[in-house]
Amino acid sequence: MWDAPGIVGLPDDREEPRVIEFDAVHKEYPDGTVAVERFSLIVPSHRVVALVGSSGSGKTTLLRMVNRMVDPSSGTVSIDGVDVRSMDRVKLRRSIGYVLQAGGLLPHRSVADNVATVPVLEGRSRRQARADALGLLERVGLDTALADRYPAQLSGGQQQRVGVARALAADPNILLMDEPFGAVDPIVRDQLQAEMRALQADIGKTIVFVTHDIGEAFALGDEVVVLRTGAEIAQQGAPAEILANPADDFVASFVGAGTAQRTLRIRQVDGRDVVVDGDGRPTGVLER
Amino acid sequence: MNWLSQNLHIVGQLLADHLFLSIPPILLSLLISVPLGRLAAGSPRLRTPLLTGTGLLYAIPSLPLFIIIPALFGFSLRSPATMITALTLYGCALLVRGAADAFSSVPQDVRLAAAATGHSRWGLFWTVELPLAGPVLLSSLRVVTVSTVSLVTVGAVIGISSLGTLFTDGFQRNIDASIVTGIVLTVVVAFALDALCVLAARWAMPWQRAVSRA
Amino acid sequence: MNLLIEAVQWLLDPANWGEPNALGMRILEHLAFSGAVVLVAAAIGIPVGTLIGHTGRGRGAIIAITSGARALPTLGLLTIFGLWLGIGLEAPFLALLVLALPPVLAGAYAGVESVDRATVGAARAIGLTERQILTGVELPLAAPVIVGGLRSAALQVISTATLAAYISDTGLGRPLFLGLKTQQYEMMLGASILVALLALIVELCFQLVQSAAARRAEPQNGRQHRAHSGARERIEA
């Protein structure tokens, strides 16, 4: 299934390192608001890093620094050691996939044309790009019959899938996702997260995504970075580490550790181990 | 009807004159207003002076304007250039605001998405902002089209010939049929050009129809 | 340019202001006549428009009337009414009323219609009568839009009232047409400048009234606006 055109043909890309490094980036707006205060982080190649925090934590600003939608006031963002400020904005953006909340689709273009956006901007023929787009639609679990519809004619979940397909169309090595599944209902969100994990297992991109939903961060991130106001790192680590050892009260309350929802116990029912949450409500069965 | 059949030739000529005076100002004001509206939408500092300035222009009555313009630009009082300049100014008075509103109506997250996928500033304008501003722009353009066609008739009182000439002639010579013909034809021309705008927009913005059907 | 200077000289010449029947009188006539038209338009348009906005019945008619009326050439109405009703104030009054009514109607209708239905529902739920909802909730909230309709009606009437002199002897259109007939272009231009100034002054007055109405309808709006624009992030494109 993964021989969708447009993605195959550059098999070596996956072996290339794609490390994103934030080095003491600082962002202050003209009105004096400090969005990001001296933030440093290394995003390792082929890994998924989740930046999680509430609004005002500067997480989206950080994400936008990578493709130069926002330039830091000081400090540098580099990709494989090259400062992004030395790269052309437009070319840089075309080389990085970007998924926005609700897909961020262009409402006046059909689904296939949306997916084909970047390849066409890069000079590929529209017909070829559209043909490739059909493969990508299948890849993200969409019926190719939707190709000629307009975004407003799709459900929220479908739009989100198109958004992912568009981000993958130019076969970027890096994927940025801004609250990628924030606009859909919980059931669809769970499904999309599961598919995203399977997709990532296949394509192994370097992915940075931001979310305010700690559950989503744990579901998708290889590594999770919990942010306070001004993008101050409260804790950083694998999901299990953060759950097991929250660094402080802020992180503990953010991840909900110790609250009813996160604390699970095992209770014997009819000879099986039933897992219950802090309120004693069953959430599943334990398999040994 | 009798009057009309005897004067068909004159009425035809006046109709042609009328079209010649109405179409250029509609197109010119569109051409001028789109860039100005985009500027106003993009910069809060330019917005207020641009919109207030063009808005006040609309406050200047048409008949006086037809007289002030030749004095300012040195056209002769009865030249078509006077008419076309004045009506272009009026068109801009309405359309600059309309275009500013149209460009402001383009959702910020769509602009963001377009920028993030690597559209250049120019590409963003032509392939994303302009098409998405289309529907709001169209509604202002329709207003300008209809009111321009109607305003052309005012020129008749200073002697610029158009369907309005049927009013002044009809009044002086006491012919009801002449005036009624003029009114009906003016309304017909206005609605015909309006329909043309709508058709052109439908052709240029296919996603509009698809979405409203869904 | 010379003509412009002559026109200003004509305007400043005390001889044109002194005698009765001169400029001052013309300005008053112009304002009184336009004011009367707008008042009648308001007396008809505001109740009808409000009612339609409140009940939601007759929307299609409003939309058809306002877009249709825009296409009607006022000069055509003026001359045909002039032929039918004879020389006098009646014909221009009627023609201008046809011009003024649609914006007033549309403003009243759109204003009431734009009031949040949830607000109206809440008012009904806490036990306000329909009349109280209309006068206490819908009208104050719709006021800025209603004033907007009156503003555009007044502006158009003042501008177009110059045409009235084409068939009757009134207002600032008189020196304008007199100048045209006798080829005294400085008089024509002077009168034109005067009408334009008058329209601008009325426009500015209405702007003040409208923003006062807007402040009353949404007292907190100003502050919110500032807060938003301050926090808005700039995207480097």
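In case you wondered, yes, glycine gets a Cβ from its N, Cα and C as well.
The domain 'ABC transmembrane type-1' annotation in TrEMBL covers B:15-197. Positions annotated as transmembrane segment by TrEMBL: B:20-41, B:53-75, B:121-138, B:144-167, B:179-205.
The largest share of C-beta pairs under 8 angstroms with the transmembrane segment (B:53-75) comes from B:144-167, of the ranges B:20-41, B:121-138, B:144-167, B:179-205. Below 8 angstroms of C-beta separation, residues 47, 50-51, 54, 80, 83-84, 87-92, 94-104, 125, 129-130, 137, 141, 144-145, 148-149, 152, 155, 160, 162, 189, 193 of the same chain, each at least six residues beyond the ends of the transmembrane segment (B:20-41), sit close to that stretch. Through the fold, the transmembrane segment (B:144-167) approaches residues 11, 14-15, 17-18, 21-22, 25-26, 29-30, 62-63, 66-67, 77-78, 80, 82-83, 87, 90-91, 94-95, 98, 178-179, 181-183, 185-186, 189-191, 193-194, 197 of its own chain, all at least 6 residues removed from its boundaries and within a Cβ separation under 8 Å.
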